[in-house]
Structure formats: structure tokens, C-alpha cells
């Protein structure tokens, strides 16, 4: 049986031949068939896409809003108590693995307090309230490290801009703190912040795999884990590419 599957998938062919065949099939829109489920891989991915997109989008929104706010506040009050607290949070949040945060949240807020569901996912079509309720803990777990990262980048970029000569000139001319912070500093630092956020999106996707596993969310990340456990080569090959 194993020999037959290897022959069917072309795994006995040389690696260059397998790669060329894979690229050719991908360009044709043929992503192969799942060994375990017996269904087209593209169909499985489409079925799992909504939970992953929902979790990633909500995490990105929350992380950018909170991370930029924390970083801006820390830069504006540099070397003060607020800056030290936010810097400590950034260091701690970025160093704690997402699955540790996830299990912590599940234990205290789902199993002990019973405020939110422990695991699972509800499509947005079944109600906005149920959708948000099932995404609260996964979003928080995935956002902690991302908020810390964005806050650190924002703080560094803002401090660099705030030390420029034109900022001192604006202060000497009597510009308000609001104008200096948002009209000058944040606007000029925004390009660098947005660039780093876009580049680090790959880190967010990597965290989705662990988060979906911890919270049993039927998304792309969980599909990858199931494919690895089931040795479903066609599914893993497409998802990892």
C-alpha cells in the first residue's frame, strides 16, 4: 500500500522532477488530492480559510492599535515610569511563547471563570456575538507578542524622529504636544512602522498555527498540523508553500 501511494504521488522520482511537476500542476490550479480525506487540497484549504482569515485580521487590527499606542506613549514619556512599564511588558510579551499564553488564558478565563468558550470556532454567519466570543482568547493569545513587537518598533522610530532638529524647532515655535506627537512625529515614523508591520506578518501567520492548535480552531494552521500527524503529504506541501 505504501509503495503504491509513493508511486501514485511520484515520490520515487528524482527531486528535480518532483519539483518541476509540482510547479506545473500549481500553475494549472491542480493542488493535488488529500491522502487522508480523499478530497482536493484546494477544497480543504477553502473550507478552512475563514477561521484563519478572521483570527489573523482581528489580531492584526488589535495589535496595531494597541502596539502603536503603547509605543507612542512610551516614546513620549521616555525614561519615565510609563516607559519602563511598557518596555518591561514588551520584553516579557515578546519572550513568552504563544501557546503558553494560550493555555494560561484557557485555564483562567474559560475553565475557571467560564466567561468564554474553551475551544472551537463559530462562523460569522452564525452570529457576530458568537463569532467574537470564540475569537476573544485566541486573539489575545496571538496579539500579546505582536503588540510587544510593534510597541518596541514604534518606540524606537518615534524616539528617532523626536530627536530631529525640526521637532525642536516646532517646540520652540510653540507647537502643542498633540501637534508634535501626531502631526509631525507619528506621521514621519509611520512609514518605517508600517514597513516593519508588513514584513513581520509572516511571524503572525506562524503563530496562527500554534494558536489554532491550542484553541482547536479548524483553520489553515490546524490543517497543517493534522496533515503532519496524518502524513498527508499533498496537503502539507501546498500549505507550507
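Don't overthink the numbers, they just go from 1 along the chain as shown.
Cβ from N, Cα, C; glycine included.
Worth saying up front: this structure is predicted, and the values here are computed from it rather than measured.
As given in TrEMBL:
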DOMAIN    49-241  domain 'ABC transmembrane type-1'
TRANSMEM  58-76  transmembrane segment
TRANSMEM  88-110  transmembrane segment
TRANSMEM  130-149  transmembrane segment
TRANSMEM  189-210  transmembrane segment
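Below 8 angstroms of C-beta separation, residues 52, 55-56, 59-60, 63-64, 68, 71, 97-99, 102, 142, 145-146, 149-150, 153-154, 157-158, 160-161, 219-222, 224-225 of the same chain, each at least six residues beyond the ends of the transmembrane segment (189-210), sit close to that stretch. A Cβ distance under 8 Å defines the sequence-distant neighbours of the transmembrane segment (130-149), meaning residues of its chain 6+ beyond its ends; these are 54-55, 58-60, 62-63, 66-67, 70, 89-94, 96, 98, 101-102, 105-106, 109-110, 116-117, 120-124, 200, 203-204, 207-208, 211-212, 214-215, 217.
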